[in-house]
Amino acid sequence: MKPDAHQVKQFLLNLQDTICQQLTAVDGAEFVEDSWQREAGGGGRSRVLRNDGVFEQAGVNFSHVHGEAMPASATAHRPELAGRSFEAMGVSLVVHPHNPYVPTSHANVRFFIAEKPGAEPVWWFGGGFDLTPFYGFEEDAIHWHRTARDLCLPFGEDVYPRYKKWCDDYFYLKHRNEQRGIGGLFFDDLNTPDFDHCFAFMQAVGKGYTDAYLPIVERRKAMAYGERERNFQLYRRGRYVEFNLVWDRGTLFGLQTGGRTESILMSMPPLVRWEYDYQPKDGSPEAALSEFIKVRDWV
């Protein structure tokens, strides 16, 4: 089937609505919407929830941009895209909870299509979701990865292991020699065997995110915590900022295409701290995190 960008866009708009409704049901607060237009072509809907409830900040962004030439961040690993016009659309979200026992989560699903006269379109899907705990709970990690594995199974037994490894490899801070979190799924450049198959997989990932995340939120949101746990959460959020500004391809793509800076940087935590040469106390729950986030098979 020929790629249908309109069909993908409608799914993404509905997905944004659904995820916002589900997060509001947990938190009680409403998202504030900010619709924007991109001067060079396209626009989007940025939605942000900020309050003193379960989520300190949650951002769920839809964007649909188009232009006459692909940016350097995209053509660097796909030189055949040079000289083509493009459309890029997606839903990207990050949830930063108040409670340090509730992990931060990130999800993204996206579609690219690049065209030029007299040539077949070049298109692909990408996306995934990943979890960044501050305090590790094995049952949460197992649930997260089991949900990821189960949504992948209808598409092939090799899909989950392949995209889990890609996630582990991608969300890695080289300058710290550590993972950003416990991973999940990451895929990109997906265009085989055909459009319908790839679109169905992208939909499964988009819908699977809340199945993976919300049960963990419900399990941890009422746990008691104090200043020590909060300070550690803010310190570890620094890793999130470092990854997004130094390594993340999506951030680079958005900035290089003249995307809306407020929406691109919506993933940043509202509060964060750095501490020079911080060393957690031996045997403490904080010290245990470095082992917990090391790559392993959770299911």
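From the backbone N, Cα and C atoms, a Cβ is placed for every residue, glycine too.
Annotated in Swiss-Prot:
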{"type": "BINDING", "residues": "SER92, ASN108, VAL109, ARG110, GLY258, GLY259, ARG260", "note": "substrate binding site"}
{"type": "BINDING", "residues": "HIS96, HIS106, HIS145, HIS175", "note": "divalent metal cation binding site"}
{"type": "ACT_SITE", "residues": "HIS106", "note": "active site, proton donor"}
{"type": "SITE", "residues": "HIS175", "note": "site 'Important for dimerization'"}
{"type": "REGION", "residues": "240-275", "note": "region 'Important for dimerization'"}
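Location within the structure of each feature annotated in Swiss-Prot.
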residue	record	DSSP class
SER92	substrate binding site	strand
HIS106	divalent metal cation binding site	strand
HIS145	divalent metal cation binding site	helix
HIS175	divalent metal cation binding site	coil
GLY258	substrate binding site	coil
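Neighbour count (other Cβ atoms within 10 Å of the Cβ, all protein chains): 22 for HIS145 (divalent metal cation binding site).
With all protein chains in the displayed structure included, the most crowded Cβ environment within 10 Å among the binding-site residues SER92, ASN108 is that of SER92. Considering other CB atoms within 10 Å as the measure, the emptiest surroundings among the binding-site residues HIS96, HIS106, ARG110, HIS175, ARG260 are those of HIS175. Neighbour counts of Cβ atoms within 10 Å were taken for the binding-site residues GLY258, GLY259; the minimum is at GLY258. Neighbours of VAL109 (substrate binding site), defined as other CB atoms within 10 A of its CB across all chains, total 27. Separation of the C-alpha atoms of ASN108 (substrate binding site) and HIS96 (divalent metal cation binding site): 15 Å, rounded to the nearest whole number.
Separation of the C-alpha atoms of HIS175 (divalent metal cation binding site) and SER92 (substrate binding site): 25 Å, rounded to the nearest whole number.
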